[in-house]
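Colleague: Here it is: the structure, laid out below.
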Amino acid sequence: MNTLFMHCRPGFEGEVCSEIADLAARLDVSGYAKARPDTACAEFICTEADGAERLMNGQRFDTLIFPRQWARGLFLDLPETDRISVILAQLSTFPTCGSLWLEVVDTNDGKELSNFCKKFEAPLRKALTQAGKLVDDPRKPRLLLTFKSGREVFLGLAEADNSAMWPMGIPRLKFPREAPSRSTLKLEEAWHHFIPRDQWDERLSGDMTGVDLGAAPGGWTYQLVRRGMLVTAIDNGPMAESLMDTGLVQHLMADGFTYKPRHPVDWMVCDIVEKPARNAALLETWLGEGLCREAVVNLKLPMKQRYAEVRRLLDRIEEGFQARGVRVSIGCKQLYHDREEVTCHLRRLDVAKAARK
């Protein structure tokens, strides 16, 4: 099991390779990354048998930026018939697993395999259970089978608490009909990724205040309003009437890069299409000056050297807060609903909850 297999957004295979090679260098795991363009996956081949396991044990999955899912294991060729027997034979060296996910890569070819996986899962699950290879126990490793075709599968293992929370890392979020734009799903997914669900009532409560920079027509404002927050929407464009009718939104025609609230707020969110360095500077200003407690900001990516640019910006942000003596937690992820961008979440660790004005 010396291969680490990772899912990603199509077109970002190179970024996954760069990021995982960085990780391997830090953890002193020898090997090499490889991927083909637009295949929505990448691999890191370790030269030592325990290399993939050391990579996974040495890194929290939710702190990786570009991989959507990961698993350590091996590729297996399958016959046209009796695939289950071949899989069971190969799994003889695997530990007993506590859950089973069948996955495909996020390409058109991968999506065509979804129906096959749905039909194949029940008999496979039954066979694994009868063979003693699958029990219902979240403390045990998760068995991840990624089908590249009906004749090739990656047999992988991952800890349930150190891998994606959804199969393939793709959330099952429903677009709310009353939301003014589909961008609303980006912020909802960000909350799922960066904030533990049992902390939502505390950190996304109805007595909070928020600012949405570049808000129009209100996709991200909608998420704040849905949690009951009072929101100041900053944009020279029009906001959706449905949001203004809630009485929870104040719309100010102003520049999102120069606006500052008179009183600190709990949340600042921003999805302005601008150079990433400029949006990153907003994070430094708002968190560093105590204008907000938490923030979600999207950084649009350049065409080339995307991982290097993200890493450079994150390092600069971190150094800026260290220079100010401000304690923050910093998270960054290319979410499923992101396109040529990544989403950053920052939280001040030394500021009390803002008073609602």
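Even glycines carry a Cβ here, placed using N, Cα and C.
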Colleague: Going by the S-adenosyl-L-methionine site in Swiss-Prot, where Ser183, Ala216, Pro217, Gly218, Gly219, Asp255, Asp271 are listed, which of the candidates Asp161, Asp201, Asp235 is also part of it?
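Modeller: Of Asp161, Asp201, Asp235, Asp235 joins Ser183, Ala216, Pro217, Gly218, Gly219, Asp255, Asp271 in the S-adenosyl-L-methionine site that Swiss-Prot records.
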Colleague: Count the other Cβ atoms sitting within 10 Å of the Cβ of Ser183 (S-adenosyl-L-methionine binding site), across every protein chain shown.
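Modeller: 17, counting other Cβ atoms within 10 Å of Ser183 (S-adenosyl-L-methionine binding site).
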Colleague: Just the number: how many Å between the Cα atoms of Pro217 (S-adenosyl-L-methionine binding site) and Lys300 (active site, proton acceptor)?
Modeller: 19
Colleague: Quick one: of Ser183, Ala216, Gly219, Asp235, Asp255, Asp271, which binding-site residues lie within 10 angstroms of Lys300 (active site, proton acceptor), measuring between C-alpha atoms? Sequence order, please.
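Modeller: Matched binding-site residues: Asp271, sequence order.
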Colleague: Which three-state DSSP class does Gly219 (S-adenosyl-L-methionine binding site) fall into?
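Modeller: DSSP assigns Gly219 (S-adenosyl-L-methionine binding site) to helix.
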Colleague: What same-chain residues, at least 6 away in sequence, bring their CB to under 8 Å of the CB of Gly219 (S-adenosyl-L-methionine binding site)?
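Modeller: Within the chain, Gly219 (S-adenosyl-L-methionine binding site) has Cβ neighbours under 8 Å at Ala179, Pro180, Ser181, Arg182, Ser183, Thr184, Lys186, Leu187, Asp271.
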